[in-house]
Structures are given as structure tokens and as C-alpha cells.
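Right, one structure below, let's go through it.
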Amino acid sequence: MHPNALLELVAELVANVLKLDAPADATVSAFFRQHRNLGPRERASLAETVYAVLRERLLWQHLAQSGAGPLPRRLAILAWRGSESFLRSALSPGETAWLDASRAIDRSTLAPKLRHNLPDWLATPLLARLGEEEFWRLAAALNEAAPLDLRVNTLKAKREAVQADLAAAGIKAEPTPYSPWGLRVDGKPALNKLEVFTSGAVEVQDEGSQLLVQLLAPKRGEMVADFCAGAGGKTLAIGAAMRNTGRLYAFDVSGHRLDALKPRLARSGLSNVYPAQIAHERDERIKRLSGKLDRVLVDAPCSGLGTLRRNPDLKWRQSPESVAELQAKQRAILASAARLVKPGGRLVYATCSLLDAENEVIAHEFSAANPSFTPMPAESLIEPAMLCEGGFLRLWPHRHQMDGFFAAVWQRQD
Ligand SMILES: C[S@@+](CC[C@H](N)C(=O)[O-])C[C@H]1O[C@@H](n2cnc3c(N)ncnc32)[C@H](O)[C@@H]1O
């Protein structure tokens with residue numbers, strides 16, 4: 001494609017994504033479906049440039065003020081992530097001079113906001129919690145691309161064997177540092193046509209999500225519920241840890257998400273999973289299981305701010321108001337899910353948020369209101385201790401090279 005035609009397409013996609021009315025990955029996929037003629041390299045330039053715009057949006061918008069022409073084109077030029085010579089051949093002499101001048105600006109002289117690229121409502125609590133030095137390390141880590149992690153389905157394969165199969169397909173993968181089932185893949189190779197994937201020997205899953213199963217620690221033959229199962233990333237890991245025995249309920253209010261679980265379930269070889277759509281957290285189907293379950297996981301709907309490396313649009317699509325709404329849902333879901341746990345059973349509450357408001361605050365409130373649930377310190381359930389903070393699993397991209405992740409664990413006494 002002619003360089004300027006591609007740059008114009010990038011600008012169009014930037015404009016679409018910056019409407020912020022849908023998740024960026026959905027907007028990008030829809031755009032690719034409308035432009036089927038684009039090759040893999042063109043798609044990569046488009047997607048990576050759009051994500052670069054989202055990651056450092058405040059910086060680019062500041063620099064773009066001095067340029068000319070439509071704003072989405074200026075943003076696309078500044079954040080361009082394809083071939084440099086290709087970009088330059090698309091630019092007018094005026095644009096070339098402006099790009100060079102923009103790049104020559106010493107970024108360390110810019111206002112903090114233009115360097116961390118986080119909205120104030122998010123930067124303020126993170127800075128207060130982490131302190132200056134660590135806050136800046138987090139801000140830098142959030143603007144890097146996330147690694148691609150796989151979870152080996154131990155019902156079907158061993159980690160070393162999968163690693164060897166991937167190597168035979170020219171894909172380098174190393175065991176993840178903390179999860180015993182994880183492999184971290186080099187780069188972003190297409191995996192979905194490989195035998196290891198189609199046979200159900202692996203699923204894509206961030207290492208942090210894999211660690212959650214160690215906190216839930218489901219055993220053979222138990223009755224377990226994954227209360228917010230979605231497309232079942234955690235369900236599959238829990239079902240495998242139960243060695244395909246017992247009964248694992250996969251609840252969710254979204255039938256559409258549970259539908260996405262079906263093909264994954266078929267590949268996995270699991271037959272102990274019972275997906276069920278519920279109307280809300282107080283659904284009759286839930287009430288019937290009251291006090292009967294050994295383990296319940298609440299992977300709560302949350303702001304997703306721990307996944308900013310993958311979903312940088314979330315920092316612009318969430319707000320203090322949306323976080324307050326999510327907190328209300330989190331409280332209600334945790335309270336209902338807790339009723340399913342039998343005496344002696346275990347309850348786990350998890351989010352992929354960085355904010356105390358969705359994490360420690362919800363967990364402490366629950367403990368205070370439910371004295372029959374005794375907190376179990378995460379440090380006693382998972383190693384090494386540096387994965388935990390204040391009795392909770394607390395993962396950070398800059399400390400642990402994983403998505404931001406939180407989990408609290410309780411045991412029901414009576
Ligand atoms: C963080 S996602 C779950 C991701 C999933 N556990 C996984 O590992 O792939 C949260 C899920 O909660 C579901 N949800 C929202 N409100 C709910 C409710 N009241 N009861 C149960 N699930 C709910 C959403 O549909 C969404 O799928």
C-alpha cells in the first residue's frame with residue numbers, strides 16, 4: 001500500500017479508537033474486518049501505532065498542538081510504530097520538519113503528567129501508595145507491552161514437552177518464574193493453528209491469573225464455583241487442578257461470555273465443568289447451593305487497570321464514577337458468593353485492578369461485616385512472600401512482570 005494511504009488509514013483508526021466508546025481491541029478488530037486487504041505487517045503497524053497513541057496520549061496531544069492538519073493524523077505521525085523510512089515517505093516537508101522538532105524536545109523537561117500519561121484521578125492514589133520512585137517505575141512498566149504467557153493444561157501435557165514442541169515450531173518459550181504451569185513466549189507468534197493449542201495442551205493466560213489457582217487450591221472431588229467465570233480462563237485452570245473430578249460451576253451473568261468458554265472447554269478435555277448463566281448474583285440457582293461448596297472464587301468485574309499494558313484505553317475509559325459503580329457490584333457479588341461456602345470452606349476474592357478502592361477496601365469491609373470468615377494470609381498459601389502484601393496477593397507489572405492483580409482469601413468457620 002502507498003505510504004500515505006496507510007498513514008491515512010492509521011489516522012482513521014486513531015480517530016475511531018479515541019472516541020473511547022468501545023474497547024480498543026474490539027474497534028481494531030472491526031476495522032481489520034472492514035479492510036481485509038491489509039497484510040500482516042500493515043496490520044501490525046496500524047495496531048501498534050494506535051496502542052502507542054493510547055499509552056502516551058497526553059504527551060502526543062501536547063506535542064500535536066504545534067502541528068498542522070487533522071489531529072488524528074498528527075497523533076499517528078508522532079506515535080508511529082512501523083518502518084521509519086515508510087513513514088517519512090508519507091510526510092510533507094512541513095510534517096517532516098515538525099516531527100523532527102517534536103522528537104528533539106527533551107521529555108525530562110515536560111510536566112509530570114506528560115511523562116506518566118495517567119489521568120489525575122488514577123495517578124494521585126498510585127503516587128500516594130507507592131511513593132515517587134516506585135510510582136515512576138510503575139508508570140514506565142505500564143507503557144511497555146505485556147509478555148505472552150501460556151498455561152500448560154496438565155491433564156494433557158507436561159510443561160517441558162510443550163516447551164519442546166514450541167521450540168520445534170521455531171517458538172522460544174521459558175518457564176514462568178512463579179507459576180509451575182506457565183511458559184513465557186518470546187515475541188507474539190501466532191499460536192492458534194499449532195497442535196499444542198488446538199489439542200488443548202495450552203491456553204493463553206497471564207502468570208498472575210495462574211497463581212490464583214494456588215490460592216483457591218481446589219482438591220479432587222470437591223464442589224467448587226467460579227462465580228464470575230466469563231470466558232473461563234480461570235475455570236479451565238481450576239478444572240485441571242481438580243484433575244477433572246468433582247463439580248465445578250462456572251457462573252456468569254453474560255451468556256455471550258459463557259458461550260466463548262464452550263470451545264475452550266471442548267479443547268481442554270474437562271468434563272467436570274457446569275457452565276450456568278445467572279440473572280444476577282442473588283439468582284435462585286445460586287440460592288440452592290447455599291452452604292454447600294468447598295471453594296468459591298469471585299473474579300470480580302473491575303476497572304481492569306492492572307491490565308493497562310494490554311488495554312491502555314482503560315485509563316481513558318474508566319473514571320472515579322465507574323470505579324464507584326464497580327465497588328458497589330464487587331460488594332454485592334462477594335456477599336452473595338460467600339453464602340455458597342460451607343463451614344470449613346474457602347472463599348477467594350480477586351481483581352485485576354491496581355486500586356486499593358477495589359481491592360483492600362472491599363476485602364477489609366467484607367472481613368469486618370463477616371466475622372465467621374477468617375482471613376487466610378496469602379503469605380501462608382503462596383511463595384515467595386514478595387508476591388504478597390499485607391496478607392493479600394498483590395502483583396504489580398513493575399515488581400513482578402505480571403499484570404496488576406489482587407486476591408484475598410478467607411476460610412468460613414461455622
Ligand atoms: C474479571 S471478569 C471474569 C474473567 C474470567 N474469570 C476469566 O478468567 O476469564 C468478570 C466477570 O464478571 C461477570 N459479572 C458481572 N456481574 C456479575 C454478577 N452479578 N454475577 C456474576 N458474574 C458477574 C462479567 O460478565 C465478567 O465476565
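These residue numbers are counts, starting from 1, taken along the chain as shown.
Quick reminder: no glycine exception, Cβ is built from N, Cα and C everywhere.
The structure displayed is predicted, hence computed values, not measured ones.
Quick look at what TrEMBL annotates:
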type     : residues   : note
ACT_SITE : C352       : active site, nucleophile
BINDING  : D252, D299 : S-adenosyl-L-methionine binding site
DOMAIN   : 138-413    : domain 'SAM-dependent MTase RsmB/NOP-type'
Intrachain C-beta neighbours of D252 (S-adenosyl-L-methionine binding site), sequence separation six or more, cut-off 8 angstroms: C228, A229, G230, L258, P275, Q277, I278
Residue pair D299 (S-adenosyl-L-methionine binding site), C352 (active site, nucleophile) - Cα distance, angstrom, rounded: 9
Confidence summary (mean pLDDT) of the domain 'SAM-dependent MTase RsmB/NOP-type' (138-413): 96
Cβ atoms near the residue listed as 'active site, nucleophile' (within 10 Å, other residues, all chains): 25
Structural state of C352 (active site, nucleophile), classified by DSSP into three states: coil
Cβ neighbour count within 10 Å of D299 (S-adenosyl-L-methionine binding site): 23
